[in-house]
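As recorded in TrEMBL, the features of this protein are as follows:
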- 205-555: domain 'Acyltransferase 3' (DOMAIN)
- 1-16: signal peptide (SIGNAL)
- 144-164: transmembrane segment (TRANSMEM)
- 210-227: transmembrane segment (TRANSMEM)
- 247-268: transmembrane segment (TRANSMEM)
- 289-312: transmembrane segment (TRANSMEM)
- 355-375: transmembrane segment (TRANSMEM)
- 387-406: transmembrane segment (TRANSMEM)
- 438-456: transmembrane segment (TRANSMEM)
- 468-491: transmembrane segment (TRANSMEM)
- 497-522: transmembrane segment (TRANSMEM)
- 579-597: transmembrane segment (TRANSMEM)
Amino acid sequence: MGVLWFLFVILAAGKALELTNEQYHQMPQLFQLDDYERCLANRRGAFCLGSFNLVAPPYNHLFDIILKFSEARYNFNHTRIHRGYCVSSRCSDIDEVSLNRKFVKCVKNITQTHYGFDAKLSTLDYCKTSKTPPSRPIDGLDIAFIYFCGVILLMNVIGTIYDFTRNPDHKPNRCLLTWSLAESWKRLTNPYENGDPRLTSLNPINGMKAISMYLVMLAHTLIAYNMSYLQNPQFLEQASQHPLSMLLHNGSVIVQTFILLSSFLLAYNQLIDSEKDPKKLSLRELPRIFFNRIARITPLNVFMVGLTATWWRHMSDGPLWIPFIEKECAQCRDKWWAQFLYINNFIEPDKKCLIQTWFLAVDMQLYLLAGFLTLTLGRSPRRAVKVLSCLLVCAIIANFIIAYNWNLKAILFYTNPELIRNQFAGEPSFNFMYTAPWGSLPSSLIGLIAAILLYYRQQVNFKPEESLIFRILYRCSVPSIFIWILSGYFVKDISSPIGIAAYTALERPVFCLIIVVAMLGFINKVDSLWWQFLSWNGWRPLSRMSLPILLVHWSYNLTQIAVKTNLSRSSILEHGGHWLVTIFMTYVTSLPLHLLIELPMTQFFKALFS
């Protein structure tokens, strides 16, 4: 048998190693997890969780197979095994007082007996007994957060009572009225285009934002499963080699839609407002623009970071609760100030406090730049398009140079199950290209160019739908979105540094140009079918709740994995169920957060400082 294994390694050298199911299951099981609840239900129960590196003597045929298999890009690292054992029952024959040492000896003995390998401890997540007190007891910060929530709830109660009892003939108190739940509901559900057909034409953007958010939640569902203790990791390893896996590995570019829309809406609304008041295109407006952005995003951001740092860790328990939930809570406590200053993408980027909030930091950084460019260039649309186009070309070239000189890559080239499992920790390309503002700068500039072109074309009464070239481009745009993402399957194996740098610099701009063509087609009603679908009134509230949805959904993604008391099974149905639960719970939670925190506090600050 050993000779056959050795021949198999020789024949597989130089190409990706493929194993039959029988051969795959001869390797040590990647994850093992005993029944957590049953273990700790026993008064003498003890449970330990940790990761171990396999060590084998030279010329061990099975270990050579494991090494070769682990080198494949889309496979987990099978030389590192992950164990969660009920030490009190599985390792009862080991005479050791220390739970930690007993756990390590237990894993060593089992691995040696079954496979002939040694197992060296890599990471000990925890050891606990049924009598172990909570690792992080309730403290002053937890209590302070309760008072913070109480004040917010009290203000909503006072504002709502005031709204229903005030005299409608008297001028209302604006600060109190902003806290009315009825007023917040109106802001959520009512259109507020003020009769301007140009604003009404933007309705399809609601559908674009809502659908994009569904896809973001789906991607994070798959990331959560990569982080879990899996019963069948082979499913994800095989699925990662399928062409449709590009929807995950290359689909993160969909986030650029929000960067583009952020700059587009800022510039377009500012240009329309300047028709009544030319001062709206003065640099004196920049502090107001930036303040409005901070007033809208910061209150809810503070709430979610505060919740994560305090009470999230107390909400449940499970074998993966400490390494997933409590670890993230600790990281939020360490870098809360960076989260609030929107520099968390620069400060200790490997410490993830709500991994999706890198977007808020980048969006805030680019929003300030987009506001400056809009106010300085907006008075001359022709000049603005030329300058912004030059800046766009410069930004793309700069990203190419950065990627080439520092060996940074698009996420397509380094995404693999093991790296996803660790939330991309230690990956320079993730920290200094994917979550860096210069990586998303072209998307912001394209949004500005699109806004100015749309506004200018409307001023001269140009109708894009009458242009044959535009209609052809538009008809190709929607399928091109998926073609561009799936085309990563043919690009992923590029080894040329110049080719990798070129794709890294062009991936996001090309995608955003496709999105802009599609969006302008939707806005100009080139296709009535897409217009009606994306302009459906139901998209409006979902689009307006994008901020709480963005901030909340990852908590549900991670919690569903952390509370599992045994191995997770990976399959299309399991992933779909996880995704649907995340969507439902996210919307259920986002609605009160939007009505009780985001809307009233945004309007309150505007009323207070106007």
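Using N, Cα and C of the backbone, Cβ positions are placed for all residues, glycine too.
Within the chain, the transmembrane segment (387-406) has long-range Cβ neighbours (under 8 A, six or more residues past its boundaries) at 373, 377, 428, 432-433, 438-439, 441-442, 445-446, 448-449, 452, 497-498, 500-502, 504-506, 509.
Contact between the transmembrane segment (579-597) and the transmembrane segment (438-456) is not supported, since fewer than 3 Cβ pairs fall under 8 Å when only residues 6 or more apart in sequence are counted.
If you look at the transmembrane segment (247-268) against the transmembrane segment (144-164), you find fewer than three C-beta pairs under 8 angstroms, all six or more positions apart, and that falls short of contact. On the 0 to 100 pLDDT scale, the model's mean across the domain 'Acyltransferase 3' (205-555) is 92.
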